[in-house]
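The feature domain 'RNA polymerase beta subunit protrusion' is assigned by TrEMBL to B:45-425. Residues or ranges marked as domain 'RNA polymerase Rpb2' in TrEMBL: B:226-393, B:477-542, B:1068-1134. Feature annotation from TrEMBL assigns domain 'DNA-directed RNA polymerase I subunit RPA2' to B:584-641. TrEMBL lists B:689-1066 with the feature domain 'DNA-directed RNA polymerase subunit 2 hybrid-binding'.
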Amino acid sequence: MDGFDMMDSGTDGPIVTIRKADSMHADFVLSNVDLSFANSIRRIILAEVPTLAIDLVEVIANSSVLPDELLSHRLGLIPLESSNIDDKLLYTRDCDCDGYCDRCSVVLTLVAKCTGDQNVTVYARDLAVAAGAQLGNPVLTDEAGKGSIICKLRKGQELNLKCIAKKGIAKEHAKWQPCAAVAFEYDPHNKLKHVDYWYETDAKAEWPKSANAGWEEPAQENEPFDYNAVPNKFYIDVETVGSLQPDEVLRQGIKYLQEKLATVIAGVNKSAGQGAATNTGGDVNGMDDGYGGARSPDMNDANGYRNFNDGYVTPYGGAGGGAGAQTPFGGYGGGGYSNGWP
Amino acid sequence: MPSTKKSVVARSSAGKAVFDTINREKRFRNPPTDKTAFPALQDAIKPHVDSWNAVFKDGGCLHQAIQEIGEKTVFDRLDGNAETGYGNKLTIRIANYYLGKSMLSSRDKSAMKREIYPAECRERHTSYRGQLQLELHYKVNNGEWQKEYRDCGLLPLMVMGNRCHLENMSPKSLVDHKEESEELGGYFIVSGNEKLVRMLIVNRRNYAMAVVRSSYAKRGPTYTNMGVQMRSVRPDQSCMTNVIHYLTDGNITFRFSWRKREYLVPVMMILKALVDTNDREIFEGIVGLDQREDTFLTDRLELLLRTYKAYTLYSRHETLAYLGDKFRIVMQVSPDVSDVEVGKLFLRKIVLVNLTDDGDKFRQLLFMIKKLYSLVAGTCAADNVDAAQHQEVLLGGFLYGQILKEKIEEYLLNIRSQVRSDLMGGVKAEFNSPQYMRKMLGKVNERIGESLHYFLSTGNLSSPSGLDLQQTTGFTVVAEKLNFYRYISHFRMVHRGSFFAQLKTTTVRKLLPESWGFLCPVHTPDGSPCGLLNHLAHKCQIATITSDCSNIPPLVLTLGVHSAKVLPVPADATLSVQLDGKIIGWCSPKDARRVADSLRFYKVEGTHAVPRDLEIGYVPISNGGQYPGVYLFSQEARMIRPVKYIPLDKEDFVGPFEQPFLNIAVTEPEIQNGDSHVEFDPTNILSIVANMTPFSDFNQSPRNMYQCQMGKQTMGTPGTAIRHRTDNKMYRIQTGQSPIVRAPLYNTYGLDNFPNGMNAVVAVIAYTGYDMDDAMIINKSAHERGFGYGTVYKTEKYDLAEKSKSKSPVLAFGWGWAPIGADHNTLAKYKAMKDKYNSTLDDMDGLPMVGQRVVEGDPVAVYHNMGTGETFFFKYKGSEGAFIDEVRLLGNDVGDSICQAISVKFRITRSPLIGDKFSSRHGQKGVCSQKWPAIDMPFSESGMQPDVIINPHAFPSRMTIGMFVESMAGKAGALHGFAQDCTPFKFNEENTAVEYFGHQLKEAGYNYYGNEPMYSGITGQEFHADIYLGVVYYQRLRHMVNDKYQVRSTGPVDSRTRQPVKGRKRMGGLRIGEMERDSLLAHGTAFLVQDRLLNCSDYHQTWVCRGCGSFLATTPTVNGGEKRAEVRCRRCAVKASEFDVGKKGYWEDGLGNRFLGGNDTTIVVIPYVLKYLDVELLAMGIQMKYDVSP
């Protein structure tokens, strides 16, 4: 509640100071927010922003030294271009097709054969995306533009694979992870005394200053300890694997965070409205919704997911503030967030 | 204490531990075409290969053995030749042997390339063998020698030995022949398995050892526990142990065993038989000039000489004849040989066989007597047979050669007995007729190769003499390629002998200081083989040839030694100088030291023709210590190791006999006045595997032992030629890495070719509670990216020949056809079957498809009867799903039959599961308890999440500080991008590891001591304490839940007791034993006790008679019973007649016997075994009676 107090008491919501940004990194300072909020952002961009990754591999021919399952595993971990995936692709479980189709998957083919005496190295760039697909190109960040090595072939060996890439989230498998790591720090001078630095002789000598230390004033000599202080300035460095741009990762992350919150709100609304008689049923639905934010293709709990759709559209769309206000908890969050965010 | 010592600088040595990735990659792509890149590895297995080569080289041990076997004779007892009275004499001998390389049988006419390479034998599950041929010579009476070449079967060959195609091949051509580029050899291939003869500790050869052993007193009345024992070894490496026993009356007897029987002979008789001598000479040979006043000695000697008078044997001739007469039968000597000759044979074959000259034997025997009296008098101590000082190593090749020698001798004896049985059977044995000889030889068992094959495949020794060994089983082991550490350890392991495993005393297992530098103090398993199964220190070598010592006797004479042959020796020359058990002279104690020192100087210098591996054991005079003297050893089977000889600053090889009397400094700074040697490196005392434990000097020592065990159980990389191997079970880690923290020896031994684990980011924190009690948490994302991903390969051979009894093939792979004229149903059945298995076996050849996944019960291959067309399947038996990885079609040896066998390699994926076992390299093992989602894992400020979380409680009691240091070193190495040297003993108090690595960490912007502030992944809150976070090399162990889990609700029961069977394989249960029951009782959970012990076990309802209390007397009624009680008690019932029919209580049993009454029966619940017990007791005439109430 402290965080909200602060928001109410003057400052105008979160402040983002971007320190450095390029195609792989977004280094910024997020201030004037609650710890739980900052951590939620971190968690969501690590685990719940959907990307595209190879999920099924149909092996037509594999005479390489790598067994099928190992090759498939390697293919899965290749980052694929997945910007705006929500506009372009459905989760397979939401799609009407059996198995997979163009609306819920991207097909990549890998055909390679070594005919000469020199060994052939198969790179990620050799993955060919089906014509017309809007996304799914392998991410090639190295200078030569080859991408990661998939396999090596000697004379006579060949690969002929049909790879079906699907939308999914890192909660299910790390291959859908858009971020490699998210650096996250607050209170570089340990003014809040959250951590009790262990030292052998001299804490100052043994503990190097964090790179973020320059962004905050160190504690003054004899400065009294503020018991009420809470962290509110977070140094975050998002490093992506290339499938999404860092800004998109963040934007998507915020979107999914809102969706999740909205789901909670909707769930609470529903159970509160249903009254004691149908309480059990309401709870079940609420729970389904609660973790139904985004899921990977294999968790086929269709009911929960459909409910979720109903749940989130209302508060998140234009009517967000209104819907939020109608909830029993309306006063605090829904309005605040939907106002605060563009 | 101010230390001016220059600190051992780790920084400078850190350069040696390099990744060397580029070179490895280059080597891997283009294996060297000249020589191996890792000579250290070759050296590691050298004892095995070299001992084989020493046996089978030209003029090697086997040639000498054949000479030693000599001639055998047999008489035809025909009257034709009356010269001897035994008839014609047939003399047979083996003149030579030929051992070929592994080649195709001559019956195969078609093949162009006829060599059989080891890889083919592995893949075909056959043995790697070469043809053994013996050149048999025979002559009749004194005629010409006739030659006959006999094929004696296929003899298993040692890979890389001098009969192997691969010998001296470059890594490039090894790879071309489907081997590892660093194939080492040293083993045999037996039925596709790699078997090696394990090295065995035996007593040091040719050294008279003073022994006190309680079993000696049991040899007979008046025997004491004291003796002097000498294990004499012939040049062909066969041996004979002679013991002289001290008797309470002062007498001495000579003991030996011949063909597993023990014989005792008065030692005087041997002495008198050896040379023409007299009592005075014997007296003076034993009592030195300085000991004339020693009445203890002279009294006993007098008695020794006097008691022998009873035999009234005075001359050598008489004595020999007496011995010959007594031992003629025992030694199976030809009847035409005189007793004196038999006596001489006795001396040659039994007494001190390492010496050839009878005078030398005489002198050595006198020395042994001298030593025995000294032991009795207490002026010398008993030698410790358990100390490495008095031990040597029996090498595989030599043992193999000895067995072969014995089999060849047995072959000659078999010929003799064949002739005898021909004669007994009335066959006319015409020695001069080639037809008879050929026919007779054809009847003799010539399969010597097979018996050696049997030896290798079972490890059992079937020998008439026992080869002077204390065990008959367990000589061979399979060289498992579980990972490379385990594999290489097999070739470095030395076993003390399975005889000692049963010994209750633990003295044999003790780690004695004498082993320093020869046997690794760390690398021994815990548990039952602890201390018995040791491993050689990595620099320890074993001599496999006798060095040329022809110059030693003249040399020592120039150094002031008095020749042993020139009598009398001066009064002060009290110490003997012996070379391999031969007394070459006597010298004074003062001179002895000089002799030893000079010899060593010459030896290291390389002058005066003193061989470099001569062992110069100078035992100084002491007060009741080891018997003094100068003992030189130059022969095979000795352990030797390199140390630096300080006077010349050159390499010297020392052996375990001399080492206790040398002053060897451990490090250069520790050299003190009087030290003659210094170790090249303190890590030389450790085995190869023990050297791979990083910072092992920081750890509590048992932890290093555990790591040696676990390193060998790791799921690693068994090899690079996995494609060409068909091991029954093989483990492989797919995502192995090169350790950041490594000793330079890691590169020396080329272990980077066989990665054994992964560098894991490890946080030491009690985080979720799932890391309690040695559990560890794995980051789910790390797991999904391949952390610890492993594969198990299993190979199964499917042999049609085993399915059919006839010799010619009747079965063939492929789908059969429905029998001609089959009815509609049969045809439909065939069609259905084909449809069903179409997915797995969709082509006609009936062979499995590579890449196909199979589960239990799936058909792997189809075969059919070629006559009837009936189709059968081989089914997959494993309980977990597997992929078919490779399929091999195996032809027969000659290649003249249709395919009758296939070998299928299955690939089972083993992604890490909860319950799988991991360990660091510090004996810190743990079981994976959770795969924790990455977002919930704690993270550092840079966003780093640990791959592995372990609990801090794993450290205080175990004190594996090495793991902390590794963690820091690994972190610093990862941050700076270099490999870290973790050789033990590099740091010291002045220059600590923490400072060194702390500095590196600080340079990289991290906390000096490796701690980092971390945040909870769940709340994002910074932890109150900073967390020790670093990089540790983790191993995945082969113990996995998938091989271990056991579950049962209902299942098979034992037919006798009706209780659940035991064993995971049989779907059995886990026993609630007495102690488990006790604890349930203590908890008061009576219901649970009943549930476990009765309801879920052998619950049984039975009828019991309330009247007589018997189960067994109850019997079902057949007729006439009331509806209510169908079971009556026959015991309580009375016989009824036909008039009782219809009366109340009338019934009949199954035989129609009529009864009345006995209807007071009821049903009770009992454990079924109770009934079984009742029956068993009944069989003994004991009746059990049960009170049933109410």
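For all residues, glycine too, the Cβ spot is worked out from N, Cα and C.
Nobody curates TrEMBL annotations by hand; they come from automatic prediction.
The shown structure was predicted, so the numbers you read here are calculated from the model rather than taken from an experiment.
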Check the domain 'DNA-directed RNA polymerase I subunit RPA2' (B:584-641) against the domain 'DNA-directed RNA polymerase subunit 2 hybrid-binding' (B:689-1066) for contact, please; criterion is three or more CB pairs under 8 Å, pairs 6 or more apart in sequence.
no
What is the three-state DSSP composition of the domain 'RNA polymerase Rpb2' (B:477-542), stated as helix, strand and coil residue counts?
19 helix, 12 strand, 35 coil
Mean per-residue pLDDT in the domain 'RNA polymerase Rpb2' (B:477-542) works out to 92
Of the residues in the domain 'RNA polymerase Rpb2' (B:1068-1134), how many are helix, strand and coil by DSSP?
22 helix, 16 strand, 29 coil
DSSP says what for the domain 'DNA-directed RNA polymerase I subunit RPA2' (B:584-641): how many helix, strand, coil residues?
17 helix, 17 strand, 24 coil
